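As structure tokens, the structure follows; a few thoughts come after it.
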Amino acid sequence: MKHNWKSSRLLRLFLGSVQVISAVILILFASVLVQISDAISGALKNQPVEQSSGFKRYVEADLERLQKYLQEREKRSIEGRDENQPVIYIYNEDRTKEIQITRQEVLAMEEGGIYFYQSGDKYVFGGGNVKKEMTFEEEEGWYAQSPEMGYITSQYGLEDLFYDEIYSWMNRIYAEELSYQSEEEFYMNFTEESSNFRYYVEDKKTGKSVLACGIKDLQDAEGMRYFKNVDTGSYRIAYGVDGMMPAADKYQDYIADYSNAEKWQTFMIALLLTGGLGWLVSLVLLLACTGYKKHKEGIVLTRMDHMRLEGYTFLLVIGVFGLWTVLMVPIGILGSGIGSSSSAVYQVIMNASVMGAVYLGCYWLLFTCVRRFKAHTSLADNFLLLSGARAVLRWLREGFKALYKDRNMSGRVILGFVSYVLASTFLLLLWDSTYSGFMRLILFLLLAALNIGTLALLLRYVGQRRKISEGAEKQAEGDWDHQIDTAGMWAEEKTLAESINQMGAGLQKAIDSATRNERMKTELIVNVSHDIKTPLTSIINYVDLIRRENCENENIRKYIQILDQKSQRLKQLTEDLVEAAKANTGNIELNVERLDMVQLLKQAMGELEDKFAARNLLVVPNLPEEGALILADGRRLWRVFENLLNNICKYAMPGTRVYLDMCRSNGMAAVVMKNISESPLNIPADELTERFTRGDASRSTEGSGLGLSIAKSLTELMGGRLELYLDGDLFRATVEFPEIIRTEEPKVPDGGEKKEETAVVSPWEEE
Amino acid sequence: MYRILVCDDDKEIVDAIEIYLGQEGYQVVKAYDGMEALHILKNQEIHLIIMDIMMPKMDGIRATFKVREESSVPIIMLSAKSEDTDKILGLNIGADDYLTKPFNPLELIARVKSQLRRYTKLGAIGTEESSKVYKTGGLWIDDEKKTVTVDGEQVKMTPIDYKILLFLVKNAGNVYSIDQIYEQVWGEEAFGADNTVAVHIRRIREKIEINPREPRYLKVVWGIGYKVEKFAQEE
């Protein structure tokens, strides 16, 4: 297997651990980066440490705390810091009952948890180790006062007064106290030992120093790493950072980090590179390996890989959310009682685990996507939405096809129309029922799509029809090979087109086969007759030679005579055979031209004049002077006339007349030959007609066998008609052709220049 | 003594022809295919070739072509192929005559004689020429002497026939209708029913043509008229 290494478990294990290690490195990198990012960025810019943004930020933060402390201090100095000073007074209308709450008591109550209840005719409230009591009467008015706040308020009921006002005052006082305490903390912190931050505060009104630490006056910048002055309204403050860094505080750390920046820089880059590259490379390799299992071909998809991606993402989200919720539970139960540091740690743990879960989830998502891609799963398989859509579409299409397919034409049209109407009505109703512009837009698009789709279908149908009719037309014209392209046709159109195609193909085959057969037939006949002629030549020659021997024997002379006759007949027949075959199948090349049928007849008469004379036949011509022009092949028409006239010579009763007439009718010119037959014509005319096409030579007398058949075929080939009519002993033959209008006869001058002409030529010039 | 080469792959036919020609006093050399014929031609003086077409090794057409590369000896083609296309091919390739099988032996002999006369009379032309001789191929009409010669042999003609033939030969190559010929020769207008001209034409043909059914000179253009074929003169 090619992918041997890809399916190796060991490799994957190795890569997996590389992943984890490099991820850890990267996290390290990130955390270090977060801490010293300012240092790094500053170092990269080659700034002195005091000017780096991180340093400045520290300084300004310290300044801010200083200012806040000053504010608190100011407030305290106005009011005094006596803890035993009452801060809240509660009394009734005539001041006969009064309760005072000191600051200390407020603090204690808040820290212990404030309570307030009614016990008999007394109200009791307190918290911690403080407890106050007050008797009350109904309908008594109460007052509460907080000089610190500057409030005097009254209520009818002490309970209401307590909950509405006193309670919130106490909260506020407590909050302030806390902040003051933290400011005191701050003050504690900003000693020369604990911090490198130095300051000098001068009261603007008195000009006297209020606070100072490490700086003697506003201008004393000696030994300062950073020194600035600021005017805050009531104070002038000079502040800075001690250059010698006696205290081990954040400034020291920062500077140390900063100075190590370069080392850190290389280190950081190394971390980044190893971590990053390691992570990337191992990820890529793992992705390459994913999906291959030992001993199995191709990509193997886990069960999870078949889940739709939406579902997967959903599960992931649920899982992370669930995890977060679960982790929040302890916080919820224990409330804010948890110390801030442990709470912070827990917070970090929680965040880390959630992020880890998200990372793992995305990681798995990536892998499953890659596997699916490698396995060439289709998009629809991966997305619920798409597969749902695909299923719906398929269902619709199947349903439609089933409805559509086997209906006949009108049914289909009705169905299509009805669905179109329903769909558009539905869309229009929806349109009407919604006012949302967005919905309307969607509906409009759907409607447009429906209409365009319908139009497209109609056009397509029209196009198909056109293709079919074009195809049929082509075939009618004789192009049997043309095939209608049936791609995309359904039902009736398809069957129609296919039927036409088949008809055409069938016809083409039939025609091809018929032409082939015809050609083979004539070829056969021509070849055979050719082969017959060779031995026939020898027979004729040697018969002739024998005759030349002038044998004395009477019998031999007789026999030779017969042999000679018969071999000549054989020769004639062989020649006729070829011509008949060619004439019958129309395989003759005709040189059709305009000729005068009357002239031809005269020429024929001239040729056969002595034959007629030999039988004592008187030819009576009745031919028009102007002649009759027809379109025919001269030589072939001569053959026809020759054959007919020869027959007359042979079969006419000697001493009778032969009538040769020319008559015209209906645009046809006809030559009519009439004679009286010597022997009775005991064959009816139609049988005689049939006879020639069959060439029944055995029953007829010598020479007439194929001749008439050829004559009839030739005439018909030239577009004419040969007809025989028998009445008693009258034999009549008619040769008819369409007559053409005579044009001018061109004059041929004596001995004039004229181009060389071949055997068949027409002197008639085209006008 | 003329020597004639007979070339045909059918031995019996060659022998028969040998007898015919022998009886006329010609010497006959036999060959049975084209290559043999060429070979013989190279080594002996031959005055006429009778060549069949369908032969092994080299057919008659190719052989004729090769012969014509070097010699103008008369060639008569003899073949069972009787189509017009075959005849045209044979004559174009260089044969002087074409005869189809089966043939009439008398016709063969007549054609041989005519070809030989024309071939040998080449030298004798010129001395007896007068100004008014009309020639086409082997058909010459001397209007002064009022003679008609076909391939050197004189033919007797009636005056009308002579006039007709002279008219046609003078305008060799042109076709004339019966009426036109009649008017030319008789000097009067023709009337329709007369076919005297046709009869005369036939008689002329029988006199001057070896085979009147296959005329070489006086041809019938059916339905149109008659003409005399115009041949290029051999100088």
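Including glycine, each Cβ sits where the backbone N, Cα and C put it.
These numbers come from a predicted model, not from an experiment.
Positions annotated as DNA-binding region by TrEMBL: B:131-230. The domain 'Response regulatory' annotation in TrEMBL covers B:3-116. Summarising the annotation, TrEMBL assigns domain 'OmpR/PhoB-type' to B:131-230. Residues or ranges marked as 4-aspartylphosphate by TrEMBL: B:D52.
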Name the secondary structure element type, per DSSP in three states, that contains B:D52 (4-aspartylphosphate).
-> strand
Predicted model, mean pLDDT over the domain 'Response regulatory' (B:3-116) | 90
Identify, in sequence order, the residues in the chain of B:D52 (4-aspartylphosphate) that are 6 or more apart from it along the sequence and have a CB within less than 8 Å of its CB; answer 'none' if there are none.
-> B:C7, B:D8, B:D9, B:D10, B:I13, B:G60, B:M77, B:L78, B:S79
With DSSP, how much of the domain 'OmpR/PhoB-type' (B:131-230) is helix, how much strand and how much coil, in residues?
-> 34 helix, 24 strand, 42 coil
